[in-house]
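Here is the structure we will look at, set down as structure tokens.
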């Protein structure tokens, strides 16, 4: 079982001029609060917060508004481009986050961040709108929010729940068109706040707690006086393995931190697991798809060497590399560590590096309000639990990939992972694990194989090249050239 929950908050605040009192937009009403509009939706987007402030821009340039009409159902080509764009955005975003993080493990939802940015794009104009599209690798005008909205509303029922809410300062003048599109596309609508910080904080944090089923509490500790608008979205993913792991087979085993040190972890095990997996060459990276129900997968991306960084690995992973619905499942012995990850991130610096610094200096958001607004905060929090039942959470190139001839797949070294939607191949969550048990004291490796390698060596020796077991230092090579399926990235 996999359980993942994510929260993103985008804040806009006043830099000059008076600030008004706070009020929220939401798909779910909070106790004791009245929404501005009466229709409610129960769509839950990953919690995201954008804070906006008032800012004086001086003379306004001529507006360049996006066309207001988009197809209600995207074409197959538009859907494919969306999936490719989301993979490219995921690579850009996670590479930068990993560069500056000091955590041994990371998890975030690129879908949540993209939803928040596309929500903001509903009110963006001119260069600000172009910048948002460029960073999201989309050239679809105002149709980007529609594409993302159509995607998440058509995810498998019972697997993904999305919630959105807008908080506005009381009396803040917001445009009706922005409110209407926010509600229609994201299920978000305004609900008045009291203007009392303690009470408003409690209400916001209670909504976050309910939207993430109690996994994210006390998300906000304060509301700056300059804040006039908050955009929040929350995603809850509860994925059950299509083939469950037997808890009685879970046992302590070694996870190799590097060539010298290991930590003890709870390792789930299955003797014959339906796995789609292959070896990507140059550099050698193993990729395995563990299927969930409802067309989702937990995708492990594990280099066969220790000295790697996230940017280096992701540079070799295009959408075509990961998304291979024609790849056949093979009965495989697997070992997979149980995980419990939690991450809180401030994304202002990361988004600025991606090319959105304008959001935090002088954006054109007159599609939201004639007031001068600036984004002052972007906060994101995600949690993930991986257990026997499943997961809960919160240029043209030619690539050669080899179906590995081994009948075992052991996740016992640092790896990246994705939660992927398998129908079109959109990444919902992404993360990296370098130490699944950071509270444990690392130990020097013993001068012997780990228990899992001994077991594999005894039972499957005929399947290994030269009789070697698949250990941390083994370089894999296929037996025959015809075993290599050839894949090319789209131009």
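Using the three backbone atoms N, Cα and C, a Cβ is placed for every residue, glycine included.
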Of 386-438, 439-491, the range Swiss-Prot labels region 'Disordered': 439-491
Integer Cα-Cα distance in angstrom, residue 316 (N-linked glycosylation site) to residue 309 (N-linked glycosylation site): 12
Integer Cα-Cα distance in angstrom, residue 309 (N-linked glycosylation site) to residue 295 (N-linked glycosylation site): 29
Cβ-Cβ neighbours of residue 309 (N-linked glycosylation site) (radius 10 Å): 13
Whole-number Å value for how far residue 295 (N-linked glycosylation site) lies from residue 70 (disulfide bond) (Cα to Cα): 27
Residue 295 (N-linked glycosylation site) CB neighbourhood, other CB atoms within 10 A: 16
Cβ-Cβ distance under 8 Å to residue 143 (disulfide bond), same chain, at least six residues away: 70, 71, 74, 78
